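Scroll down for the structure; my scribbles are underneath it.
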Amino acid sequence: MQCSPDPEDLLIVPTHDIPSYDESLDPFGPEGHLSLDIDCFSKFMSRSDNRIMSKPIIVRGIPWRILAICRNQQGSRHSMNSRVNRSNFNFGFFLQCNNDELLQKRGMWRCYGTAVLEVLNADGPSIQKKIHHSFHNTEVDWGFSNYDQYDTLCNPKDGYVVNDTIKLRCRFTADVPTGANYMWDSKRHTGCIGLRNQGATCYMNSILQSFYFTTGFRRAVYNMDVGTEPNESNIVLAMQRVFYELQMASEAVETNSLTRAFGWDKLDAFNQHDVQEFCRVLLDNLETKMKGTSEEKSIPNLFRGNMKSYIKCLDVDYESSRTESFYDVQLNVLGMDSLERAFEAYTTSEILDDENKYDAGDHGLQRAEKGVKFVELPPILHVQLMRFQYCGVEQKINERFSFPEKMNLASCCELGPMLTEEDCVYSLHAVLVHSGEFHGGHYVTYINVNLHESAVDPTSSAKWCKFDDDVVSRTTTDDAIVSNFGGEKTMNSSAYMLVYVRDNAIDQFLAPIPDSQIPQSVSRTFEMERLHRNREKKKLEEEQLCMGIVLVTPDIVASNHSFDLVDQSIVHDSIPHETVWKHMFTAELYQFVHDRLFEKSAMQKIDMFDSDDEARQARRDNLRRIKSKKFNFRLWRMTDSYSLERTTQKLTSRLRPSEFIDCKTDTRLDTLLSQDFETIYVEFSNNIERPLCEYDTARDLLFFVKYYDTMTDKFTIIGHTMFDCHKRFNLYRSMLCEMIGLPADTELKYYMEHAASYLELVDLTQNYSIGRLVEEQDGGILVVEKVETSTSTQNAKQKMNELFLDVEVEFVQSFYNKKPEEEPFEQFVKRICLDDKLFTVAEEIGARLNVDPKKVLIWTRVSGSRFEPFFDDYMLNTCKGLMTRPVHDPRAYKRYRVQYAIMPFDIDEISKHRIQTKLFWQLPNGHVEELTLFPLKEGTVIDIINEAKRYYPFVEGGSGKFRLLQIGAPPLSNQRVYQIYGENTLISDLDQRTMYKLVSSQALHCRLEEVPIDELDMSPGEFLCPVVHFDREPTKLFGLSFVIKIRNNELMTEVRDRLRRKLNDVSDADFAKYKFALLSRDKLQLCRTIEFNNGEKVNLADMANQTTGVPQVYIGLDHKSPIQHSSEAAIRILN
């Protein structure tokens, strides 16, 4: 039984004779061979939990060992000197990975490996047991805890233990390890690099690697003229870039520029396509671009061959043949066991005899041989294995299909001067492998990157590499070839495309391209790109070490006459931005601000990285010098985060100095300032002749004073001051009057400006200290006004509300259902107060447009969310309800956009007498659109029809009469006609699931349509039967469901002809492919198909409920849906 050892078995008995690793072996190779000879085997098996390990070898950069363990079946432990019954002991045999105490622990990792654990036999067959396992850091051993019993192994007749010695061998292969601490260096380990996957572009990466190692193709791409196309859409330039970087770079290459040149967007990179189809489309695109240039014949010379289709008479000298070119050969896999057998079947001739004789013209009917032969073979032969087929269902054929490393196609060819036997010998160059199922999976490529060298030097061996997107690794020949034959039940992985190279063309088309042979124009272009990328990368790295700051000074604050201290848009757009190092200390920031504001000098060069002892000492000396200075300013960090417990209303943002930056501390900016962009307030003294007052963090509060002058009706920021939080406001009245320029005994009224939307009167009757009276920290704004000029209609709070609520609004007319001849009014802009009554604004609009204001509906919407108002909009009283944003802020939103509609009735009827509903209607051109109506709640279906007629674009020849159908919503299994409502049906009796405000919110809809003239009159024995479209399965509905009149006992052929006339936009050729069926109403199951050659007639008893008239079955039209899903879309290169 295959298992992992018990946890205690993972504890290694230290060994002291571990030799150094054999450097002659590739430590990052794919396979390894381990051996362990256990002498004194009987002694080893005499004690439970004895263990021994082999010398380690390195494979994939990880140490591997054999681990042998003695196990007691009965679980008892015995002394070495006691007599034991060894028949109770089992021999455990494991492969161990990455468990060497001499190596540093690697953390989380995973490595998949397969192995054969073998006990050698001196005279006969050895014991071999296979394992495959995904080793990881918590499960490093895998094998057999009961490989075999001691008695069995020691039986002298079997020859496994000779002279008390047992010989263990292990052959294993391992994939590239993965994990956070594993950085696989493909270039170092293989000399090659991979291509990054953009999402599902593994198919493209696979064929691009094959093209790259076909150096004749790479050389042709290098030599192509890039033309004058823009770089973004230049496929030739993008292909050159990919190949150049694969040759010159040391890390995996991006393919984004190539897919952009194809005209693909980011979503296209997540659509997986067929590698064969992509190969053909790309080669065709490049061949087209090569026409008329020196490389015109490059692709045909590489990939094009010719085959002859022939019919040759056996008894007369007559042959008919046709020669066609090919760029790949597609071979069946189903029923074939090998590539040789598939080629044989492809070119095997058949005999035309008896009733199938060939008409040889003048020779009459003759026995003949019909077949295909290759008359010219290309240097690079692409063999497409047809593993994806439709056999009733879409499936992948994963049968075993072998292919050789060397292939001779002489038996499939017509040899002659143009094609000798030497031209038929091919060597396998690449194997493109698909793992997965029909609708998805993963592509990798195996390439023999040493094929040219081994062809030139017979002593050189194959060097197969596995290209798995950005990971490239060495692999064995068996892994590249035999493992991809398919047929394994556990691994749905098999070769899908083979690339063979003609032996006599290897030297010409696989010869390496030295860097010196790359055209200078190509090298120059991409070297300049590389230098530009390096500069941008260095710039980005430096930017990550820097941060942006804005210095807000008192003069900037004093220029603000509106909300808060400073408009945030000015901070971001008008004030110059500075750049500082994140590793700066606060003292260095003070020096920087001093130099910028007072010395007007640039930032001095400081070694922020302390690159050596001298630089570190210089920086320490500079910091001491700066701290000894007396700066006449203070720095504050301005933030917009705050909370106010005394109100629950949502407040607008504000930007205030809230955190003092102390020059004397040894604090770095990256720990003090958390954002990449910060706003710094520079506090000066209000009086240039006075020094900056002291600041005590435990006592003082930084406050700004804003004065409202009723004479000028304007706010002015006078300056800032420090309030002792333990004192009362009245103690500062004379100081505030002096700052404003008022007499010292002037009575003042105080407000706290918490935010633009919240100005709070300070209640001085409560004899509280400032710290208890106001809920503010540093950065508060005290708004001051004179008591004697403050009135109930003119005061600071009233002015702030006026500034906050007065907005500019753009009014745009909207239509529920626009009449064909109706022209919209022009847009206009108007200033309104958000406290205005909505009807007042409607009256002004009515007077401006000369319409009844009672019919003016004003509403708004969030962009992209909805296009029409709901009932709630009609209940709004003030304009404030039109503001859709969570918090109104006139600083951020300079102009609002509001819709209005001119209704055909007074808007107060909507909530009282009418119901808003949305339905579909079918226009004369066949298109279906949405329609919003407001029928009376007590009305009937005829009221809905009459209201809709006002908007319908009637055309000549129509009936002018409407009907209302209940239909299913667009989920495909529900998209059908359920019933036709009578005109006298009360609106209150309609299925309430169809009466709603949003089309997408319900499973059932209503649809209005004009009644065809031939369906106006319904006689006894006639019935309107629903018709649906479906694609193979009755539940896969699509298209527009409709009804058609049928008559009892009429021929079904007449129904078919009537359907043909109704579907007049369908071509005769397409209609001929339609199949007809009857589907059950309830579950949309197939009742039976309709045949038209047996005189079948309509039986109404089968079609409708005779009491209600509700259809019991549907007529189903079975044909291919015109909707092509993205997963099925053909691959296209647009440029």
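Even glycines carry a Cβ here, placed using N, Cα and C.
According to Swiss-Prot:
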| type | residues | note |
| --- | --- | --- |
| ACT_SITE | Cys202 | active site, nucleophile |
| ACT_SITE | His442 | active site, proton acceptor |
| DOMAIN | 31-172 | domain 'MATH' |
| DOMAIN | 193-503 | domain 'USP' |
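You'll find the Cα of His442 (active site, proton acceptor) roughly 6 Å from the Cα of Cys202 (active site, nucleophile). Summarising the environment of the residue listed as 'active site, nucleophile', the number of other Cβ atoms within 10 Å of its Cβ, over all protein chains shown, is 22. The average pLDDT the prediction assigns to the domain 'MATH' (31-172) is 81.
Counted with DSSP, the domain 'MATH' (31-172) comes out as 11 helix, 74 strand, 57 coil.
Every protein chain considered, the tally of other Cβ atoms within 10 Å of the Cβ of His442 (active site, proton acceptor) stands at 17.
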